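Marked as domain 'LIM zinc-binding' by TrEMBL: 42-102, 103-164, 223-283.
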Amino acid sequence: PDTNMTERFDCHYCKESLFGKKYILKEDSPYCVKCYENLYSNTCEECKKPIGADCKDLSYKDRHWHETCFHCFQCKNSLVDKPFAAKEEHLLCTDCYSNEYSSKCNECKKTIMPGTRKMEYKGNSWHETCFICYRCQQPIGTKSFIPKDHQNFCVPCYEKQFAMQCVQCKKAITSGGVTYREQPWHKECFVCTGCKKQLSGQRFTSRDEFAYCLSCFCNLYSKKCAGCTNPISGLGGTKYISFEERQWHNDCFNCKKCSLSLVGRGFLTERDDILCPECGKDI
């Protein structure tokens, strides 16, 4: 007789006959449905029941769900064949994830979707395309910017709008300015009208609203000594002698012939010269 006709076809685990019953093959061994589910079924994360052989098993990171249990933790909409995100063991559709965990753009107030580029500054966030200069409306990107009055400005726009302009060159003063006659100057622009040397940090004086270093001012405007022809500055308490429209440094007020100092003494004049009474007695 044909032995195959009489060979028993039993469940590999419980040994019950599978004749006329539904069975499942695993590693070439047959199992009745009950044994297979008890031995090999995954437990659904949502309902905690086994995912039977007749159900679709959906898995993500070693976790399993019935197809009908695979839904958004927040809105309960199915996530089958849809994008989703995981947060603290829960699965969320992208809409719920964005509403719950994504930051809002400080400019357009819309959600900044996960994975998109954003700019952050002092706890606020912007879409990259929303982070723009308040004045020129161009995206700032990774360029330098200056915040003012809750608005952000690229550096060129800030300088045009807010920085003081130098009286001399009309360009913005961003650092190191000098104030003279209540007007702003760059240090390098505030120079002597005569020799063009920088006056910042130096002693200087002015005439007709023009600033001069002391040397240039003395050469241009001071009285000239009738003795040595150098300027008598009058600055710093310099003493000098004045007589009939002429001036002398104290050290230069000497007798033309014998060089005796005539300061505080009597003297005589012979044309442009001054003489002591002794040298002048022969005149």
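We number each residue from 1, going along the chain as drawn.
Cβ coordinates come from backbone N, Cα and C, glycine included.
Predicted, not measured: the structure shown is a model, and the values here were computed from it.
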For the domain 'LIM zinc-binding' (103-164), the number of residues DSSP places in helix, strand and coil: 7 helix, 22 strand, 33 coil
Residue counts (helix, strand, coil, in that order) that DSSP gives for the domain 'LIM zinc-binding' (223-283): 10 helix, 21 strand, 30 coil
